[in-house]
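Heads up, the thing below is written out as structure tokens.
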């Protein structure tokens, strides 16, 4: 679609600050309360120069304006905790966007899924916003008569053509003048949709069939005898030269001539980058603390699995059979136990949805989000690593010494962090949760195969599996470091009694193909480098998706138009008056005679 965007008659872009958009889906962190959600959003977007008291006053004023006082300290709600109602959630979505006092507010079907009372309160809140001097533009889904009465103006579109544009209360009169009066006991909005929505033709055909089956006389309803396309065509022709269209054109031209109506726009959030980072970190940490599925469930599972590993390999000793036991235990800890980190993927998906929405609305940058996510998760990862490391290290009785214990815990920490970073990369690329779990598990499984446990590193096929897969696999580096940390400096019983004892260096070199030329700390550094690379890849993907988004949306729009062309409401039928309206579609502004003053 092409056309001009005019704000008060001047050609403008719909930029941040002047315009806000409320999506149909309410995307918020369910663990936060209404007041916390608004407060964090205010700190992310409002100027850093504002004091805490000033921000608090703005938040409280918004809560009062949207009628959310009763649920201000109630959590929004998620999969394991009940929260606010659907209507309150919708009003909160609106409250988030009016924090910055935009001049225009667009809403996509704000009453979808709500009962009549909740829908009324939502639209009543929008009416209050409009009375405050702001413009509210909303598509509406099947409004009740009470909700419809709250609207000032009505813009009816069908197939991209204007059916009516003017005062909402005058629409009934226009339809009556066009020969399609609204029955006295019918909701006006239902009548308007019945006149212009071709999907009702199927209903009419069904009703006719049922009447014939019952031998009932043909209904006197005019809609039973006329196709919706004919009715719509008559309405479009009637409106084009009607007094309502002339009034709309005159009013628009009158506004465009008024001087001093420049709309102020901002380049983005007015908060500093550091303020955004600290706010995002605090919010994400609170969310992780309150979401049972994010880390707490995993901590419990890690404790149970650690106890199981520790008791199975308890006091493994230095016998000959202990060699394979130590290797298997190290491989299980650095491989399978870190694999459990994918358990937090569903919670991260929900957080990523919030990021996508807030990023599109200009709340903050990609860098601040990427770094804040790692900082907020850091305490939990440390907790998991220390608990897992302490239980298994001292129950299995790996090589004693604080430096060995510290390396053991650090190795677990960075391995888990790598898995989480990898799953973040997967989440940014796949369309849904199920695909993410399958893809992530498959990638981790491939990386684990080249760790050097299932097949020794020197024996891996040189092409692809040894170079480069084993080198970019965190598990191969983590496992080599674990071998060195445990075996070097120890001696083990020989296979046959009387032979000399086997040294740890000899075992990992000859039997497990691990070179001791480099330090275990070098192996740990390689894991850290892989972690940083995954985070950078995640950052780059998010940035590239922003750049590629317009191109992808264009492709999606073309496919959508191809699909819509097949619908009855988009099929072109002969006009009752003339065929002029079947010329190529023009912009809405040109249809109303409102071409840009710049042309």
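Each residue, glycine too, has its Cβ placed from N, Cα and C.
Pulled from TrEMBL, these are the features on record:
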type     : residues : note
COMPBIAS : 586-599  : compositional bias 'Polar residues'
DOMAIN   : 10-112   : domain 'ABC transporter'
DOMAIN   : 141-197  : domain 'ABC transporter family G'
DOMAIN   : 276-485  : domain 'ABC-2 type transporter transmembrane'
REGION   : 576-599  : region 'Disordered'
TRANSMEM : 295-316  : transmembrane segment
TRANSMEM : 323-349  : transmembrane segment
TRANSMEM : 369-396  : transmembrane segment
TRANSMEM : 405-427  : transmembrane segment
TRANSMEM : 433-457  : transmembrane segment
TRANSMEM : 464-483  : transmembrane segment
TRANSMEM : 521-542  : transmembrane segment
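The largest share of C-beta pairs under 8 angstroms with the transmembrane segment (521-542) comes from 405-427, of the ranges 295-316, 369-396, 405-427, 433-457, 464-483. Within the chain carrying the transmembrane segment (369-396), a Cβ under 8 angstroms from the stretch's Cβ atoms is held by residues 277, 280-282, 284-285, 287-288, 294-295, 298-299, 302-303, 305-307, 309-311, 313-316, 326, 329, 333, 337, 351, 355, 359, 405, 408-410, 412-413, 416-417, 420, 424, 535, 538-539, 542, all 6 or more beyond its ends. Packing against the transmembrane segment (464-483) from elsewhere in the chain are residues 327, 330-331, 333-335, 338, 407-408, 411, 414-415, 418-419, 446-448, 450-453, 457, 508, 512, 514, 520-521, 523-524, 526-527, 530-531: each is 6 or more residues past its ends and has a CB under 8 Å from a CB in it. Only residues 6 or more beyond the boundaries of the transmembrane segment (405-427), in the same chain, are considered here, and those with a CB under 8 A from a CB of the stretch are 333-334, 337-339, 341-342, 344-345, 348-349, 352, 373-374, 377, 381-382, 384-386, 388-390, 393, 398, 436, 439-440, 443-444, 474-475, 478, 481-482, 485, 520-521, 524, 527-528, 530-531, 534-535, 537-538, 541. As a summary of secondary structure, the domain 'ABC transporter family G' (141-197) carries 23 helix, 13 strand, 21 coil according to DSSP. Averaged across the domain 'ABC transporter family G' (141-197), the predicted model reaches a pLDDT of 87.
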